[in-house]
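S.K.: Have a look at this one.
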Amino acid sequence: MTSYMLGIDIGTTSTKAVLFSENGDVVQKESIGYPLYTPDISTAEQNPEEIFQAVIHTTARITKQHPEKRISFISFSSAMHSVIAIDENDKPLTPCITWADNRSEGWAHKIKEELNGHEVYKRTGTPIHPMAPLSKIAWITNERKEIASKAKKYIGIKEYIFKQLFNEYVIDYSLASATGMMNLKGLDWDEEALRIAGITPDHLSKLVPTTEIFQHCSPEIAIQMGIDPETPFVIGASDGVLSNLGVNAIKKGEIAVTIGTSGAIRTIIDKPQTDEKGRIFCYALTDKHWVIGGPVNNGGIVLRWIRDEFASSEIETATRLGIDPYDVLTKIAQRVRPGSDGLLFHPYLAGERAPLWNPDVRGSFFGLTMSHKKEHMIRAALEGVIYNLYTVFLALTECMDGPVTRIQATGGFARSEVWRQMMSDIFESEVVVPESYESSCLGACILGLYATGKIDSFDAVSDMIGSTYRHTPIEDSAKEYRTLMPIFINLSRLLENQYTQIADYQRGLITHK
């Protein structure tokens, strides 16, 4: 009898459920969105119950459509870095505080500068930053004492879901390694990190491998989801590490680059490793597979800003003609030669995570002359996003013990031929676009196949995932980028103090409004 597998990806803007055949073909996918509550510049929260209902209803839509298809297991992918404070009655004291919430910025700075933060990073693998639960919980225990005094647990969104399903507080090693509080070598909570956070191990969930299987789901919830309560649930991992699995970037030297709204670059190694300069993360996939890399804030949001602020007339024409506005932007960029005639754009419109880990950095054009036109600025912005990812790539290659063999490119940007070729030229590497568009859900299911013993290694992934586009570097273009890249990198270093000064000035404008 043919069996099927269900991958569920709990994301920041929506939850996706995808039903796959066991050879990786998509049978059906469902998605339910939910709001991100941002009442001010620093707050980014969600309602955990809305997310739980999205998990139930995406699954129910699929099982209702395919009642005859036997689901052999359900496996989970989840966004990282969320925090929910829970009281002694297992009820939330806070909304779900997401990775994008910056209210713990002051505590992240204090941990980094005064509380031995770099040594904590080297043991835990998560750069000290407001995104990390370590910073968020330290902020709650020190500045929100009315919450901390009632908090029995601090959990993430996947832990909240599994508590509803199985009445247990459990966290997989992958999500735990993204908290800033798990010792990578000991696979246990780090004493010093917990001391900084102001909590004990009892405040956190039980640590389990990403391959841990749960059964005996709550009968009431199983009915709502349309599944057998004995269906195996694989706890799974974080969306980032599973994306590498889902695009077949798992062998030594293979790198996955994703650009959606934000972006990331990652590779898999066989044992945990951190960076002496603190530029990259190290998260668990399994005990033999660890993912190192860096996330960037400024991906597609830069293109959206260019679209809205620089190209309103072109976009209006595109809309009337039924053409995708982003296709128009990339066509405009094609009119300019690589390097934008010496115009550089630092794409830091939303601060930046890797490799700078500085929320105060700001965007800028450099090299403007009278001969530069709008199309130069558009191309420079596209190039700036890739330049920035390349600086993360350089940090990553310093931590790898061999050469890069290929780059797997995914996310919205992979649909643009201009951007794909630009990446190949700047990175001076072959760029391949895999056939998978649901990489985190597929990655969760591949991990599920491994957990349930249906495959004994991840080598089977290559049979599931073909490729659609392949680009190799154009030497003349690569030469231009080789000349400009050191200028791009040096500028961001030289402006470090000025970034802080201008960010302070901008914050002052907000408080005086």
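Cβ atoms are placed via backbone N, Cα and C, with glycine included.
Copied straight from Swiss-Prot:
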type: BINDING; residues: LYS16, THR261, GLY300, GLY412, PHE413, ALA414, ARG415, SER416; note: ATP binding site
S.K.: Reduce the DSSP letter at PHE413 (ATP binding site) to three states and note it down.
M.R.: helix
S.K.: Looking only at LYS16, THR261, GLY300, GLY412, PHE413, ALA414, ARG415, SER416, which the record lists for ATP, tell me the maximum pairwise CA distance in angstrom.
M.R.: 24
S.K.: Given the binding-site residues GLY300, GLY412, which one's Cβ is surrounded by the fewest other Cβ atoms within 10 Å?
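M.R.: Sparsest of the binding-site residues GLY300, GLY412 by Cβ contacts within 10 Å: GLY412.
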S.K.: Using Cβ-Cβ distances, find the residues under 8 Å from PHE413 (ATP binding site) that belong to the same chain and are at least 6 apart in sequence, listing them in sequence order.
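M.R.: Once residues fewer than 6 apart are set aside, PHE413 (ATP binding site) is near ILE259, GLY260, GLY263, GLY299, GLY300, VAL385, TRP419, ARG420.
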S.K.: Going by a 10 angstroms cut-off between Cβ atoms, which of the binding-site residues LYS16, ARG415 has the sparsest surroundings?
M.R.: ARG415
S.K.: Taking every protein chain shown into account, which of the binding-site residues THR261, SER416 has the largest tally of Cβ atoms within 10 Å of its Cβ?
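M.R.: Buried the deepest by this measure is SER416.
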